[in-house]
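The structure under discussion appears below in the form of structure tokens.
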């Protein structure tokens, strides 16, 4: 038996030579120094050696597969410690996916310690050295080949390719592959990790990939784990965010809505065209049928139509009195008597009336001492109770207000593209003009000069250091500067740092730049430079924020540099806010005066828009003053009725016109004063729009009153006060109708939740009401005094001077305009052949406007708010051309969610074990559909980085053994121990008390080369820690929108973010969390109005029309049909305003909505006087009544409102402000022209067809008093 044992052993040895070969090493231990703390391994070709017991913990932690029998391996304890140190960076980023990190550890463990090293490692270069301690000769391994199975490499890459790096919004391989994650693959990733050029590998390791034996070597083909597989019973598969296989197919956006088309054309166009054609067919069919019917009974077709003919379009109003006629007559008579008596009283007692009017004006206007002008855009455009406003306040309260932004966009127009040729290998890389070294130095000088700007406020100096965002303060007071130069630590020396010899440059700023744009959070660029990429302020500088004009993700092709200085915002500290504004003012002056022929700079500051708006307003003051001056001059001259040159100064009414204007302005001042008393703040829209509106309404009433008197003839035995009382009794009801319609319409418009519309409506309604009251009191008294002056032959203005008597008295007479309307215009417009043409044209215009109603754009292009010569306009242009990311967006989880339980963590986090529909995962999915959701990047997730930071395998979370206080990873102290034990339980996510114990440490830890996961800079403001570290309050997860250029982009981005947040809230609610997630971005509060502006426009305009209908019906004595016709005409004007907006490129926003509400009020002026004149006319047929109404009121409306406003509006075309040109000149011109066209052309024609019947009860009331007078002639027109 003894002989058989050795023989059997020899046989086995001969039969299994490979087994003997596989149990030999290629190295053991560490020898010579490479550089710093890097060492070569010692060559050793013997069998593996048992590992000392003090290395058992390390081998179990790093390579547990070798922990069996006597633990014989090809590495010693020092090599294991080196391996652990070198794996810290991959550990921090890849351990969130256990199977990925498992495969990576397998690659390095087999390389470092495998007992079968010689099977797949081939030493190719060695170097003998003498150990200075032992004087023994040792051999350094300087280069070797590592044979790796291609299938293993592919499997390892596939398990790791989707792993996210939450703090950098990028794939982890982008930090570990030496190139962008999209360009990384299995072979070039492993080649980069084993390359000496990465700065981590001490000697050359050449990977050779093959699944088959090659060159006598057996490739390492260990079993791998897919990212959807668990590594052990404790850990689960990778999360959906880190493993696309777990997620299933990539989500697809819903298909875009199919355009509504008929016959391949826009459906609205087709429908309105068919409708219009059908209308024309029916209308003209009816017209020709009546014409043919009429022709059968008349010899000559133009013979006047007999009112007795059936179906005549001009038939007289015969029949019984309706039940509403007596009521209407009684109400009409009551109004006449009331205003007649009141007018006579005002003329008899002018001193008393004027005195009390002045007292009233003074009392109301004195409220202006309490006036508050709102310039805060948030207050102007956002309702205090709106969702975005409440969410903004929540964000500001819990995380602090969003910082102020100072930004420069820099181009190098005279510098050309240059080519970087990497040595020793690699494709040539083009670098854009601003990435030229000399240009970068010049930009750094500019950046440094800006940092050194000193401003003065209250005799104190203010620097950027005093106001900037410094996330690591007080440990690191460096300001946050988002600049490509922060890749070079804002240092000329770092920018010039290069590794070279006499022949070649091995690494320079090109090398560093190309690495940093892929790994902005890196503390070591792993090239020969070993320079950090992390900004001096402690956070990453993302390339899409600091570079512009590049294609795809080729950042090296950038054509612009973007430098952003975030500055602290101080909403509740006026002094600090004004210090920041003082520094911004100095920055503006500095950049405006900066001169460098090599650089072109576009810039803005937080205060720039407000400054430019103020400058714009000041620059247009002169234009607006000319506009009002023209209107004032016209009013003053047009009121007079000059009969001869000798009576020019007597018959003129300049002083009365000025008095009328002062009354209009006083009503505006009273309105402002009354609301200032109760604390309602003014807005710029109120100041700019209301004088225009009240002037239009007030002047129209003045013209009607004065011109009616001028056409009136004093009755026999009638005194002046009786005559003016009678005239007022005639016209005051129509003045009352228009003014009360407008007042009620505006006051109901104040129900709007839009601050701009609400405030405007309040002030406008009150101003028009006061204007009407002053006109029927103060102005009537002033008119009486002016007539007395004229009758005494005293000069206008110089009333003490008497003019030369020419023997003429003040007699009733018709103006040229009245005669034109009476004798020419009215008869022509109401001819039988003209009226159908008018109806056809106006219905055609209405049809077109309805067809384009849904095509009016929504929003306000912010560049329109700037003057054409503003530096901010140039900035907006550069912004659209160069920027590659939109504003940051924060997904806020409200306070109350339980982060300490596993269920609560799974609802939120995005790493291993987290729900596939967690908060982070849903935002990540949305970023995959960036073209649809407009969310551009995966979110920064504090909770996932915290879990990576706290893992016991990492060197990040350590505490002092004696005090249990936090010990930073950079501290070398034996008392520092792991926060959590390296046990299966310790490797689990912290829960309960452990979660809250270590979270404050994470949020206070600064990133360093040993641990890049410290959360101080990235997340200190993202997490609210409740008192005494007892819990987590509100938190946010930040990402960025895609590039947003137009209002439609901003509105869509907000809608999609709200949709994503709503889905997250709903998903978490189904799992038991009742706390809301909402998105917040700085622009939401301004653009939220556009989500409901269509509903707001419909509501406001409908309320206005509804109130006009009710008031008109009541004031006209329950005349329902007149109210309907008037409201239909006003509605047509409003719809046509939308048509003009589409044609003229005017978008729907708060400014244009205010103008639309105002146009509703001004339209009343164009329509109400004509309508009432028609209803009170006693003529026999509708055509005659329409002709009388148009002749009597048309001239006053045309001269009083149309000509007055037209002259003033034309001047606004020369304003420098684009807002004035578009939203005031264009819209004002449209509302006046459309109002005049509908009121003076369409409405009389419509009334001539379908106007209300004559009120029979009123017929006798106006006949007898006017026998033999001009009034009789008008009544018998």
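Heads up, the Cβ atoms here are built off N, Cα and C, so glycines get one too.
A quick note: this is a predicted structure, and the numbers were derived from the prediction, not measured.
Matching 1057-1076, 1077-1096, 1097-1116 against TrEMBL, the residues noted as transmembrane segment span 1097-1116. In TrEMBL, the feature transmembrane segment is placed on 1227-1250, out of the ranges 1155-1178, 1227-1250. As stated in TrEMBL, the feature transmembrane segment covers range 352-373 out of the listed 308-329, 330-351, 352-373.
The transmembrane segment (727-748) is in contact with the transmembrane segment (1097-1116), judged by 3+ CB-CB distances under 8 Å for residue pairs 6 or more apart in sequence. Residues of the same chain lying 6 or more positions beyond the ends of the transmembrane segment (1189-1215) and with a Cβ under 8 Å from any Cβ of it are 620, 623-624, 626-628, 630-631, 634-635, 638, 692, 695-696, 699-704, 707-708, 734, 815, 817-818, 820-822, 825-826, 829-830, 1162, 1165-1166, 1169-1171, 1173-1174, 1177, 1221, 1224-1225, 1228-1229, 1232, 1235-1236, 1239-1240, 1244, 1247, 1274, 1277. The transmembrane segment (654-678) makes contact with the transmembrane segment (760-785), as judged by at least three Cβ pairs under 8 Å among residues 6 or more apart in sequence. Taken together, the residues of the domain 'SSD' (620-785) have an average pLDDT of 80. Sequence-distant neighbours of the transmembrane segment (267-293) (same chain, 6+ residues past either end, Cβ-Cβ under 8 Å): 260-261, 301, 311-313, 832, 836, 839-840, 843-844, 847-848, 850-855. The stretch from 684-706, 760-785, 1097-1116, 1123-1144, 1227-1250 that makes the most Cβ contacts under 8 Å with the transmembrane segment (352-373) is 760-785.
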